[in-house]
Amino acid sequence: MEWIQSLPKIELHAHLNGSIRDSTLLELARVLGEKGVIVFADVEHVIQKNDRSLVEVFKLFDLIHKLTTDHKTVTRITREVVEDFALENVVYLELRTTPKRSDSIGMSKRSYMEAVIQGLRSVSEVDIDFVTASDSQKLHNAGDGIGRKKIYVRLLLSIDRRETTESAMETVKLALEMRDVGVVGIDLSGNPLVGEWSTFLPALQYAKDNDLHITLHCGEVPNPKEIQAMLDFKPHRIGHACFFKDEDWTKLKSFRIPVEICLTSNIVTKSISSIDIHHFADLYNAKHPLILCTDDFGVFSTSLSNEYALAVRSLGLSKSETFALARAAIDATFAEDEVKQQLRFIFDSASPEHV
């Protein structure tokens, strides 16, 4: 399905640290092995595998946590992730990451995010726009290169479910301070079995009151009370929605909250047993707003083109239906109106090729 590769695409649920190239992971892990921080032989085969088990996925996440603790590495992986998305014709990317603090190496939440921004600045393989359109001083490196790919990148700061209310509030305030470098929203993610909704609600409400967009990992595990509370909060989007009951679907659909669909991730993590029973089909047939996403393309050995191919095979979508699905994602982005207008132009310019 080469036409899917060339289709303009929008990615709205991508975790920075889960989207690292295998080759980069291998290189960084080898260095850690030489330093005696890890046993390289224990992780080498996991990195090189394409079809990873759930146990191996978690092992990889543990390794990534150890690898992404210095500013230089954060900058490098940010640059590579953006370039990888752009090369498969992703024209707009919302990249999410949890600002990290590591006192031992002098890393604060702010310095971590500054390393991410430096990664955006250092992108050279493609043209990139990562500053909100209202900012008069464009910091992107778009050099009017004819034939060069261009990608719009916006950032979401993630609140980890292990955090306290105070720490969550700190992340929201940092997001507000970094709006001029493309931060457009807040994500709530992390181990869904950890933390209480009431812990994060004050920070999320503060973010909403200050016009930051909100997306929530919702329904990753069975937790009816939390799912209802999250939906009542009326976030701008939710991710996954794997363990919804009928009343949850009813509320979601009545509120028209867009859903970030991560097919491969849901199957690998066994949140959904088979793509044949995935809720993607029901939402699509109900004409509910949804967006196909990768979640962690490195860890789950996928790509956005692959996610579209899965959807096409699963539902038997035509080229024109697939194009319409990809274009509809524009309305769910957290981008400013000027960028949405540019994205519509990009899709409409490509439509004769794909319809």
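Start at 1 and count along the chain as shown; that gives each residue its number.
Just so you know, glycine gets a Cβ as well, placed from its N, Cα and C.
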Out of D84, D103, D282, D295, which is the one Swiss-Prot records at the Zn(2+) site of H13, H15, H217?
D295
Which residue of D129, D160, D248 does Swiss-Prot report at the same N(6)-methyl-AMP site as H15, N17, H65, T97, T98, P99, K100, G190, E220, D295, D296?
D160
Cβ packing number for H15 (Zn(2+) binding site), 10 Å threshold
25
Whole-number answer please: how many Å between the C-alpha atoms of T98 (N(6)-methyl-AMP binding site) and H15 (Zn(2+) binding site)?
9
Relative to the Cα of H13 (Zn(2+) binding site), which of the recorded positions H65, K100, G190, E220 have a Cα no more than 10 Å away?
none
Within 8 Å of the Cβ centroid of H13, H15, H217, D295, the other same-chain residues by Cβ around the recorded Zn(2+) site are A14, G18, R96, D187, S189, G239, H240, E260, C262, S265, C293, D296
